[in-house]
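Quick look at what TrEMBL annotates:
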- A:LYS108, A:LYS150, A:GLU181, A:GLU182, A:LEU183, A:ILE184, A:GLU189, A:ASN268, A:GLU269: ATP binding site (BINDING)
- A:112-298: domain 'ATP-grasp' (DOMAIN)
Number of protein chains: 2
Amino acid sequence: MTNFFSSDFKLGILGGGQLGKMMLYDTRKYDIQTYVLDSDSDAPCKLACNYFYQGNLMDYETVYNFGKKVDVLTFEIETVNVDALLALEEEGKKVYPSAKTLSIIQNKGRQKLFYREHNIPTSEFTKFSNKAHLTEGITNNNIKIPFVWKSTQGGYDGKGVSIIRSGADLAKLPDTECIAEELIDFKNELAVIVVRNPSGEIKTYPVVEMEFHPEANQVEYVICPARIDAQVAEKALAVAKKVSEAFEHVGILAVEMFQTQDDKILVNEVAPRPHNSGHYSIEASYTNQFEQHIRAVLDLPLGATESKLGGIMVNLVGAEGYTGDVLYKNMDKIMSMKGVTPHIYGKKQTRPFRKMGHVTIVHEDINEARKIAEEVKNTIKVISK
Amino acid sequence: MTNFFSSDFKLGILGGGQLGKMMLYDTRKYDIQTYVLDSDSDAPCKLACNYFYQGNLMDYETVYNFGKKVDVLTFEIETVNVDALLALEEEGKKVYPSAKTLSIIQNKGRQKLFYREHNIPTSEFTKFSNKAHLTEGITNNNIKIPFVWKSTQGGYDGKGVSIIRSGADLAKLPDTECIAEELIDFKNELAVIVVRNPSGEIKTYPVVEMEFHPEANQVEYVICPARIDAQVAEKALAVAKKVSEAFEHVGILAVEMFQTQDDKILVNEVAPRPHNSGHYSIEASYTNQFEQHIRAVLDLPLGATESKLGGIMVNLVGAEGYTGDVLYKNMDKIMSMKGVTPHIYGKKQTRPFRKMGHVTIVHEDINEARKIAEEVKNTIKVISK
């Protein structure tokens, strides 16, 4: 086995945001040397890595040259130059997750085709090379309104996704390659974090549930374990595992799924890295998703994925009407609640809806945790000074 | 309330060793700005703090000037210049734990007198200003062999402590101010981590038990919760709380105690900082001792001290016969055991008995955890390349 600990071994991480920052808690814990590349000279990862490089993640030369410096290369964000990863792989560099997986996931059309080819349940869809073809498809009645429109490229955090309910919605769309997906009337939105290492060891975390705000239609709580039937959970775990194996994925794969009204499981989309839906694991799981990702990409044995306690995550996003130097109002109040752990990502400036941090609530009884989570949500406010 | 999070607030930490390193996981989590002072330019804290200063912790000017830079000053090691802390306090700087507490604890004679004055149960002792007076005390039969000899100053990690069973043992002692303590025939060695903030909020962690190697007479496992009667545990918690309150302590205080054969609790000694006996809390507790220390010194509400699961800690010390670049043999094997988390402090060089890291084992059933801990202990080896 390679000697990773307090050694000359070098792990490279593309992207230096909050996901990388949380990953660095665990590289520090294991004293694994890290190199980080990010475009922002003030990235959250800057402090706890061994070497920080500022550069454009979409630039071939920058990513290629950075990759040459390290022994294993991973990423914490998908928008990186895949050609550079391919070139590095061809030269024998270990890149996990693989360039091929990333290139499929980066394009929502290819991602959907991949599910279809691998017999992975997903909603019906049609791919269009531009807006004219999409409009033609609707005129010909091949596509029926309402449907979900997704740009095949560049979508992130809800961007590049629209629900089309009228001709007016359609008119607003940009002219890009896109897919039109069947609109699913789901009972629950679920996610499963799967982890797999190069030796093929694979483990799943428990199914989590995204609870939506009844009016705002925004995810308010990520709840582990999901409050669903055991049979549905089994099905979701099996589907998630199948996706990871189809990709021969290495590292964390977050599989987001719909539970339909008739309890079918449909894969919505995946993220090939630690994910918001797994943040609860830092406090609630035997092995958190960041440590697990590191274990996987280094081909170390995977850690236990069971929960110590029930866990709920609440995102901390910038409040509407506030832009500027951030102030976390009522932090002391939420810190006095049992089992509440705030995570502050370290962004100095807030703006409406910017992801500034998250809060985890753990409790033996998930219903108790849910009550405390609501109290947290109603108490803390991310405003400006 | 002061705005600590993603702000200009500055927390200063004297000492940059492994305790500080683990504290920095939590300052990063909260995005609290940190300044660290340590004599070693390669100290484990160097990476994740905001500003690192190299300097002698025992030098008045160095500590004083460092303290002037920060808003709140704490420490992760006791061997710091107390006069500088006193001067800073006099100027209104917040120093937690206080200079007074530290000066009492730094001197084992003063520490014992403090217990006596505050009616805190501790073993009988006599203080001698030098070796001649000690010898005289023995000759006059005021002190009976066997007894425990402790140098009043500079003792650390078992240094400056001897059990005196014969004239030969006595002959080997250095000529220093010392105390002679009654040798306690204890049933168990216990510890309680207490935390208290400036507002006077106080909490105790569960009692932990140090299990000794049957032959080597070394602590092998720290076990939480201790496998003792509830009544004894209650007594230990009450004594620990009394010690923290007597010091009007701010921050973590680790209180080490003996449980005598007749179930009395006697305070052995204390450490005014996060402590080896609380390392299990990172994985096992609702709030780990490092986060708790930060909450306390910033006068934030204290976190819950309950355990999520049973926890056991095993120290990773350099194996005998190996000196040089460290190699952690069989790390992959222990990482494949359930609920096992290694912590590597980041010291590049091993030598016999050097503290290089620790391993935590968590499990719902403490007896299961104990079995796995033994397997860990028998598997991992800290050797050199």
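Heads up, residue numbers simply count up from 1 along the chain you see.
Cβ coordinates are placed from backbone N, Cα and C, and glycine is handled just like the others.
Sequence-distant neighbours of A:GLU181 (ATP binding site) (same chain, 6+ residues apart, CB-CB distance under 8 A): A:LYS112, A:SER123, A:GLU124, A:PHE125, A:PHE147, A:VAL148, A:TRP149, A:LYS150. A 10 Å cutoff on Cβ-Cβ distances gives A:LEU183 (ATP binding site) a total of 15 other Cβ atoms nearby, all chains included. The ATP-binding residues named in the record, A:LYS108, A:LYS150, A:GLU181, A:GLU182, A:LEU183, A:ILE184, A:GLU189, A:ASN268, A:GLU269, extend over a maximum Cα to Cα distance of 19 Å.
Annotation for A:GLU269 (ATP binding site): spatial neighbours A:LYS108, A:GLN111, A:GLU256, criterion Cβ-Cβ under 8 Å with sequence separation of six or more. Taken residue by residue with DSSP, A:GLU189 (ATP binding site) is part of a strand. The 10 Å shell around the Cβ of A:LYS108 (ATP binding site) contains 24 further Cβ atoms across the protein chains shown. For the domain 'ATP-grasp' (A:112-298), the model's average pLDDT works out to 94.
Within the same chain, residues at least six positions away from A:GLU189 (ATP binding site) with a Cβ under 8 Å of its Cβ are A:GLU209, A:MET210, A:PHE212, A:VAL219, A:GLU256, A:MET257, A:PHE258, A:GLN259, A:ASN268. In this structure, A:GLU269 (ATP binding site) is part of a beta strand by DSSP.
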